[in-house]
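Enquirer: As annotated by TrEMBL, Ca(2+) binding site applies to Gly48, Asp115. According to TrEMBL, the feature Fe cation binding site maps to His406, His411, His586. Per TrEMBL, the feature domain 'PLAT' maps to 33-164. Residues annotated as site 'Essential for stabilizing binding to COTL1' in TrEMBL: Trp149.
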Amino acid sequence: MISNSNIEHRRMPLSSVHANTWFCVCVMVSAMEEFQVIVHTLPAPTSGTYSILRLTLIGSEGGETPPISVNAGANQHHLLPGSACVVRVWSEVALGRVVLVRLRLEARTGFPDLDWHCRGVEVRRLCDRQEEGTGLQHQGVEHFPCSRWLRSVDGDVELRNGDMCLLNSETVQTLKDHRLKDLHTKQQHIRWRTFAEGVPHCVDMTSLKELGPNLSYTRQSPGINLQYLRGFDERAESWSSFTELETMFSHNGSQNTVAKYVQAHWAEDWFFGYQCLNGCNPLMVRQTRLLPPNLSINSDILCPFLPDGSSLEQELERGSIFLLDYEMLEGVPANVINGKQQFLAAPLVLLHLNQEEELKPIAIQLQQAPGPQNPVFLPSDPGPDWLLAKTWVRCSDFQCHQLSSHFLRTHLLGEVCCTATLRQLPEVHPLHQLLMPHIKTTLQINIQARASLLAANGVFDKAIGCGLEALPVLLSRATERLRYRSLCVPDDLADRGIHTLKHCYYAHDALRVWTALHRFVSGWVDVYYLGNQDVEQDSELQSWITEIYTHGFLQLPHSGCPQSFQTKPELSQFVTMVIYCCSALHAAVNFSQVDFDLWMPNCPASMTHPPPQTKGMLTEDEILSILPDVNSTCNLLITLFLLSQPAADYILSSSVRLDGERCCTDIFRSLRQCSIESKSGFWLGHSRTFIDFS
């Protein structure tokens with residue numbers, strides 16, 4: 001028997017229905033489930049849309065509600081910035097728990113087809129009984145976060161609740177099927193392609209339109225007036241004097257205290273060594289216990305530059321000798337700029353850590369093969385010869401910095417990890433949510449770089465010594481030499497012997513940031529992987545690392561990159577490495593470029609004459625004729641200013657809600673404390689920030 005209080009009575013013409021029909025309708029209505037659904041739009045000014053939104057609820061039992069319109073027909077809502085549209089949804093079948101919300105955006109006739117930024121959807125199941133006259137009661141809320149753009153061309157987009165979980169923890173078949181379907185869809189859209197032989201693979205997209213709005217972002221406008229770097233395009237000639245160069249510098253670097261410091265000290269030996277440790281490329285210098293066999297030098301020649309009573313052998317044994325080796329540049333073809341042949345060198349540099357803890361160069365050989373036309377330059381040589389030798393080293397360092405330390409280790413590695421994450425880790429996977437804020441911008445940056453900076457008439461073609469011809473050669477060599485240990489800060493600093501140097505502020509900051517990151521990542525891994533067995537059995541995770549090993553490290557066993565994960569510590573270290581390289585390391589090698597490169601003689605991007613083969617034939621003013629031309633200098637600086645600007649929305653908010661039982665409150669509290677401790681180091685008297693977790 002059906003209680004009248006549980007029946008929604010509907011008046012129907014008696015002439016059109018039979019009494020039994022009326023009874024059946026009552027039974028159907030009484031079985032209906034009712035939901036209150038709230039659709040949230042992001043409050044950003046351009047987040048709204050004119051388009052019609054269709055919504056469907058999907059239950060754990062496989063049933064679903066008919067699509068309803070959120071903002072058309074009987075529902076007179078508008079998808080405005082910051083709006084919360086409330087609609088009622090009825091189901092004629094038992095849904096069980098609502099596990100998915102399907103959204104579909106359809107262009108409204110006569111209106112622009114605008115993208116819509118959905119913040120998320122809330123679903124409340126409503127009871128069909130009244131309590132103390134309060135009307136319909138809700139039995140709890142399910143949250144379906146979105147935080148992304150939806151387009152009419154996307155078709156059906158299905159949202160699941162925000163609780164992160166591993167595949168083995170999925171208990172609802174509908175969600176398992178959705179998880180697999182979502183990955184399959186992304187793998188069809190996001191594919192791999194070869195950028196250059198022997199180089200990490202890249203995403204198979206050539207435009208931001210292919211990338212879509214959810215993987216794109218907006219860059220900030222430069223904080224400096226670029227007007228004073230423009231207008232030099234026709235000056236395909238050397239700077240006429242250091243005074244002329246200083247005039248250009250003054251108009252563009254008057255507010256940059258670090259750049260002004262560089263200009264004042266660039267020619268000094270102690271500052272040359274300082275930049276090896278703390279400049280925009282602190283990844284090249286290493287301690288050495290043996291002299292390179294191809295360095296034509298002996299102890300007697302170097303004794304004047306060592307402590308009294310000591311020898312080269314004793315200093316090597318003490319660990320006071322350091323090496324810069326740019327053998328990667330040996331035999332690389334140089335560019336042609338402004339119709340003039342450019343030149344590259346592959347120097348070997350010995351540096352000595354003196355009793356004042358200053359690292360100073362004591363010998364420079366500009367080519368790898370020793371010989372009479374490849375002299376070793378010494379601090380006792382005539383001033384112009386010694387200064388030019390150091391400038392040649394800085395030019396070589398520029399090539400390795402841009403392609404190996406910067407592009408390969410941060411951009412290409414980030415793109416590989418981002419592409420693999422999108423293809424193999426669904427959004428509900430805890431590592432997807434942990435990684436994406438740090439790596440998602442690499443796709444847009446690299447697509448734009450391949451289309452402009454690394455293309456014909458781009459800055460590499462017009463202003464940089466290696467040019468486009470040598471670019472794939474250098475990247476291939478750098479990839480072949482890349483080691484996983486060198487990407488992990490504690491291992492890298494220890495292997496290079498710089499972790500204990502008093503004035504290596506990069507090492508101090510890097511270790512503190514790595515420690516903070518590793519503590520946070522390890523805590524995150526502990527929440528979702530109870531033991532090593534969970535790591536081994538996570539098929540999505542294993543597919544992820546396989547893609548990275550295959551497409552990033554090109555299946556090179558000597559790279560040391562993991563091919564699979566067996567333990568939680570292995571996983572924690574690798575994830576820490578990815579986040580560090582794509583955030584802290586990128587900040588160190590990218591955002592400091594203008595500081596060290598604005599005074600062009602400190603970091604020339606190219607050299608217009610071959611390396612010197614003799615000594616004593618040069619004046620300081622003649623050095624200018626060897627440095628880059630006026631137009632290539634200014635064009636490069638414009639690019640560096642643009643690259644040094646952070647994205648306006650670089651770190652996006654996570655779209656996943658941490659549920660109460662597994663909330664990482666302690667982890668976040670620990671991370672904030674680590675952030676306070678590691679946020680800044682002392683760098684030329686200024687605060688140097690690598691990453692901000694606040």
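Glycine is treated like the rest: Cβ placed from N, Cα and C.
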Enquirer: List the recorded positions among Trp149, His406, His411, His586 whose C-alpha is within 10 Å of the C-alpha of Asp115 (Ca(2+) binding site), in sequence order, or say none.
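Expert: Neighbours among recorded positions, in sequence order: Trp149.
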Enquirer: Express the distance between the Cα positions of Trp149 (site 'Essential for stabilizing binding to COTL1') and Gly48 (Ca(2+) binding site) as a whole number of Å.
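Expert: Cα-Cα distance, Trp149 (site 'Essential for stabilizing binding to COTL1') to Gly48 (Ca(2+) binding site): 10 Å.
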Enquirer: In this predicted model, what is the average pLDDT of the domain 'PLAT' (33-164)?
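Expert: Mean pLDDT for the domain 'PLAT' (33-164): 90.
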Enquirer: Would you mind pulling the DSSP three-state label for Trp149 (site 'Essential for stabilizing binding to COTL1')?
Expert: strand
Enquirer: Neighbour count, 10 Å Cβ-Cβ cut-off, for His406 (Fe cation binding site): what number do you get?
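Expert: Its Cβ shell of radius 10 Å holds 22 other Cβ atoms.
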Enquirer: Return only the integer: C-alpha distance in Å from Gly48 (Ca(2+) binding site) to His411 (Fe cation binding site).
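Expert: Cα to Cα, Gly48 (Ca(2+) binding site) and His411 (Fe cation binding site) are separated by 33 Å.
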Enquirer: Within a 10 Å radius around the Cβ, which one of these binding-site residues has the most neighbouring Cβ atoms: His411, His586?
Expert: His586
Enquirer: Using DSSP, what's the helix, strand and coil tally for the domain 'PLAT' (33-164)?
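Expert: Going through the domain 'PLAT' (33-164) residue by residue, I get 3 helix, 68 strand, 61 coil.
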